[in-house]
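Worksheet for the structure shown next.
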Amino acid sequence: MSLLMFTQLLLCGFLYVRVDGSRLRQEDFPPRIVEHPSDVIVSKGEPTTLNCKAEGRPTPTIEWYKDGERVETDKDDPRSHRMLLPSGSLFFLRIVHGRRSKPDEGSYVCVARNYLGEAVSRNASLEVALLRDDFRQNPTDVVVAAGEPAILECQPPRGHPEPTIYWKKDKVRIDDKEERISIRGGKLMISNTRKSDAGMYTCVGTNMVGERDSDPAELTVFERPTFLRRPINQVVLEEEAVEFRCQVQGDPQPTVRWKKDDADLPRGRYDIKDDYTLRIKKTMSTDEGTYMCIAENRVGKMEASATLTVRAPPQFVVRPRDQIVAQGRTVTFPCETKGNPQPAVFWQKEGSQNLLFPNQPQQPNSRCSVSPTGDLTITNIQRSDAGYYICQALTVAGSILAKAQLEVTDVLTDRPPPIILQGPANQTLAVDGTALLKCKATGDPLPVISWLKEGFTFPGRDPRATIQEQGTLQIKNLRISDTGTYTCVATSSSGETSWSAVLDVTESGATISKNYDLSDLPGPPSKPQVTDVTKNSVTLSWQPGTPGTLPASAYIIEAFSQSVSNSWQTVANHVKTTLYTVRGLRPNTIYLFMVRAINPQGLSDPSPMSDPVRTQDISPPAQGVDHRQVQKELGDVLVRLHNPVVLTPTTVQVTWTVDRQPQFIQGYRVMYRQTSGLQATSSWQNLDAKVPTERSAVLVNLKKGVTYEIKVRPYFNEFQGMDSESKTVRTTEEAPSAPPQSVTVLTVGSYNSTSISVSWDPPPPDHQNGIIQEYKIWCLGNETRFHINKTVDAAIRSVIIGGLFPGIQYRVEVAASTSAGVGVKSEPQPIIIGRRNEVVITENNNSITEQITDVVKQPAFIAGIGGACWVILMGFSIWLYWRRKKRKGLSNYAVTFQRGDGGLMSNGSRPGLLNAGDPSYPWLADSWPATSLPVNNSNSGPNEIGNFGRGDVLPPVPGQGDKTATMLSDGAIYSSIDFTTKTSYNSSSQITQATPYATTQILHSNSIHELAVDLPDPQWKSSIQQKTDLMGFGYSLPDQNKGNNGGKGGKKKKNKNSSKPQKNNGSTWANVPLPPPPVQPLPGTELEHYAVEQQENGYDSDSWCPPLPVQTYLHQGLEDELEEDDDRVPTPPVRGVASSPAISFGQQSTATLTPSPREEMQPMLQAHLDELTRAYQFDIAKQTWHIQSNNQPPQPPVPPLGYVSGALISDLETDVADDDADDEEEALEIPRPLRALDQTPGSSMDNLDSSVTGKAFTSSQRPRPTSPFSTDSNTSAALSQSQRPRPTKKHKGGRMDQQPALPHRREGMTDEEALVPYSKPSFPSPGGHSSSGTASSKGSTGPRKTEVLRAGHQRNASDLLDIGYMGSNSQGQFTGEL
């Protein structure tokens, strides 16, 4: 038991120890290096420390390793000079280092260990400092000239670390802060050395070991030679003595020697004295040259030269020659001279005063320059450059000159065909070999190389043959079939050149001739020079080229001329010499030449092309002009130029006189150029006066306000004489014709600034028209009190304008000003400165509203409007007074019409049918009210006829039968005629064809309601009816003095004694045939003449007008009125038996009541009026009316059908606008009679014998309204032009219903308005013909062709509006039924 307990206790204790030990070891951690050793450099024998610190649990142990081996420390060996410090650092008491043994130098690491692991530090090197004694490079002595830089260089001894360097001068350290001294590496640099810089210099190398001094070096500073007295240029005559002095100084003393033209002086002729003076006893021309005194010492050399000039007459070394150059090219005329002194060479174009000198600064626009040697070069040749150029050489000993001609040709003239430099050579090659046929060409433009074989294009599609980049033809795998002649063709826009060679392909083993080597060929000859030119020959000379393997044995000369061929031609073969004359050339032809050399190996490359040369021309035998004589005489001509006269700002007249007139003068050349307003003087412009006796010319198209230089020169062919003296003239100025450019407006200043900056550029130079003197700036507000104007000098291009008001729109304009005035203003630049300096640049184009507002606010506009209103008011008052006064005399008279067997009886000189809208009827103008109000509850559309003129009447509106409207103006009394019992007017026995009558008035739809009557008896009779009598026949005459109650909104408007009744909404009207005018003319009438006159005058009425009613007018003083209006009413023409169908429907009716101006026609008028009255009273009793009522209360009938009176010319001119305006404000209310009945006529006017009947409909049976007019075969086709088709619906009888046309009153016709068709009523005439009505419209001035419409039309009851319809049956009896 006890043993068991002991065992248990022992086990528990063991477990406790294990558990407790595990808890303690959990706090241990492996070592970690917290401080690593660093590299160190230390001197030999000096102490040093390598630091290392580590942490860990348990505390780690530290060991050191050098180059991988453990370091022995004092712990290992107490005598060791290395000690391991408690912190772990390794301390060296001294560094041991020797040549062979280096125990301390190496790479060290420290290692920290415990039972959990180890940590290794970074490597740290320990190096031993070293500095050797010997310099790798010691400085050397330096000798420099004063002012030059000096450089001393050394390399310090080897050491570690690398030693640094500094310098000592005379054992004193040099301060390198001085600007002239700099030390870079081992170099000491002293710039701009001085004498004081001379001395002994030592280089010192140092590092942590110590210092080492180099061997000393000496810096020596010398002085270059300088001249105390220089030789000077001298000019002497031949045989004179001359001396050149030369005195110098320097350190060391320099030596002096002389040279002439960079060569030593020849002995014998020159003496040099002790003071180095050069003396020439007797000068000759060969002594001329440059003599140089040379002073030299150790540090430098100085030279001074002087020129000796020996005077002698000038001579030409190279003379200028004639040249031919294409436009746009460059030409050079050589002119080399010699002389003593050297001649001054200058050039001049013959006839020009401008001289060109060598080394002269070239003008910006000049294309000519002269080289120092005297060569004249002209670039970009122009046609105007052609002429003679003179080279002149001038010295004190004399002068010489030479002349050469420049001929300018077309561009292609100087562009020869391509040149083949090397062409293919004859070759013999074996089968399966490779052939190379060379072809190298050049030219301008670069030519294209192509090949031909036996004249055909090659290689084609053969893959064995290719053309290489340089044009060489290569053929691989040769075959026997490749044998042939191959031609190389070089082609460009200037022509083509070809070169042929033979290729012979043989079997293997045959003799093979290889291609030549270029090195075996001779070199190209030099450029051929032209030595002589005749009419048909040119002599050339050249120099041989470099010889090849074999020298050249002969030469070939090739030539080209644009006028002869387009390729190079061989003109000479096997030429043995280098001088040859080419013959057989054309006269006056330009040629180019080139030469090739020949040797047994082949041809050389061509020589450079010769200059273009023109053969001489064949002078006309009769001319025999001696050029020298011509030039001499032209040189003697003296032209005196007068002061030019300015004619206009762009024209100047030039006049001159000539002292004597020589034989050889063809004319005078006026030369002028602009000299002001340009940076450089412009070129001369020419105006030739080709008449020798001419002494004046006018220069045109000149610039305004510009100064011109003018001179005059005589000429004869290409020869030109001396210029006159130059005169200057200034054209007059004008105001600038263009505004300143690039006008910009910007704001300037601070946040709340009210200033703007305006900048601009001058107007274009061509539009300045003079010298700009100032600029004017306008800053215009919307009111004059805001305007700000400024004027600035012409040199100013911007200005600041202040004091602008915020919120005001300003327009900124700028204009330039010359002495002639202010020019065109710039476009306005709108700108608005906001309340918070918000600048708003508005668009340039103001809105129409703003523009109108600006105009309306102008005082002139307001005054003009006020004056115009006053004039209109006064005119209206005068017209109103005259009109009322005149109406009082028109209200008590009547005119009646009657028709007898012979036709309509009128006043003896007028047909009975009148046009109410024609100004020829002055007393009828106010008889008819006008309306344009639409129909209530009716279908309307945009295509309805809506143009109603004076005399139009709308029907009454249903439901308003208790109201009546005034239908007539005061003074108009209407009566009607019954034609029911009369015989037919449309009998087939009497008429076979209807013809239009030029003066028949078309009845407008609304006019039927004014007088609704049946067609009358052939015998028209008149009767003065009272209103009560007419009421029995269903007529309603308006009360002329009764006011109208109507209008818009139920408002009442007074209408006292007014001819303008109020308007009322009405329906469209039916159309009823009307009685025609007489076919036979009345005695004394001239209807035909009148019709033609109306066509010629293109008469046009103001609006649509209804026909004149058959009615009577009471008129007093008719004859006076007729005389008063005689001048305004044309006399009707004489009418023939039948009207011509060609009469246009577009012509207005010419029927009027105006009598003939002849006094004898007035009694006849009164007789006709009486007859009409009696006939009418007789026929009234025979009228029969059948009225059907639908239990409706009796309604007053509409006014009778008839003809509408014309208007006075004065009324038409003054009343129309006023009446129209009033009509638009008033509505006419008209009672609607017989509302239960409507008429639907059937019309078939293709057959004039057919009947025209009416059929009654009740209001409940009314069909859709139809067109306001019935159309027949003679109706104008204008309806189809003025109205678009509307949907139709078929009814019984096959008639078509159409939508009603709503009338609208318009102020003027538009392009959409056309003629209103109307069925022509046909009436019997003694001649068996009938007259047809015509349709007319406003704006119709010419004849219109008619179109037959073969269709019956059903008329809506609303169109007829209970009117008694008039028709005719087959027997010709007219019937009416209500």
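Including glycine, each Cβ sits where the backbone N, Cα and C put it.
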Considering the candidates Cys154, Cys293, which is the cysteine that Swiss-Prot reports in a disulfide bond with Cys203?
Cys154
From the list Asn789, Asn936, Asn1274, pick out the residue that Swiss-Prot labels N-linked glycosylation site.
Asn789
State the residue range annotated as region 'Disordered' by Swiss-Prot; the candidates are 35-67, 332-364, 1124-1156.
1124-1156
If you follow Swiss-Prot, the disulfide involving Cys439 connects it to which of the following: Cys391, Cys488?
Cys488
From the set Asn123, Asn1356, which residue is assigned the annotation N-linked glycosylation site by Swiss-Prot?
Asn123
A correct count of other C-beta atoms within 10 Å of the C-beta of Asn123 (N-linked glycosylation site) gives 14
DSSP-wise, what's the residue breakdown of the domain 'Fibronectin type-III 2' (637-735) into helix, strand and coil?
0 helix, 48 strand, 51 coil
Other CB atoms, at most 10 A from the CB of Asn426 (N-linked glycosylation site):
15
From the Cα of Asn782 (N-linked glycosylation site) across to the Cα of Asn123 (N-linked glycosylation site), what is the distance in angstrom?
91
Tell me the Cβ contacts of Asn789 (N-linked glycosylation site) under 8 Å, same chain only and six or more apart in sequence, or just say none.
Lys776, Ile777, Trp778, Cys779
How many Å separate the Cα atoms of Asn782 (N-linked glycosylation site) and Asn752 (N-linked glycosylation site)?
21
Return the stretch with the most CB pairs under 8 A relative to the domain 'Ig-like C2-type 4' (314-409), choosing among 31-127, 133-220, 524-618, 637-735, 739-836.
637-735
Taking just the CA atoms, what is the gap between Asn752 (N-linked glycosylation site) and Asn426 (N-linked glycosylation site) in Å?
95
Find the member of 31-127, 524-618, 637-735, 739-836 that has more C-beta pairs under 8 Å to the domain 'Ig-like C2-type 2' (133-220) than any other listed stretch.
31-127
Identify which of the glycosylation sites Asn752, Asn782 has its Cβ surrounded by the largest number of other Cβ atoms within 10 Å, counting every protein chain shown.
Asn782
Per DSSP, three-state class assigned to Asn789 (N-linked glycosylation site)
strand
For the domain 'Fibronectin type-III 1' (524-618), DSSP counts of helix, strand and coil?
0 helix, 43 strand, 52 coil
Residue counts (helix, strand, coil, in that order) that DSSP gives for the domain 'Ig-like C2-type 1' (31-127):
0 helix, 47 strand, 50 coil
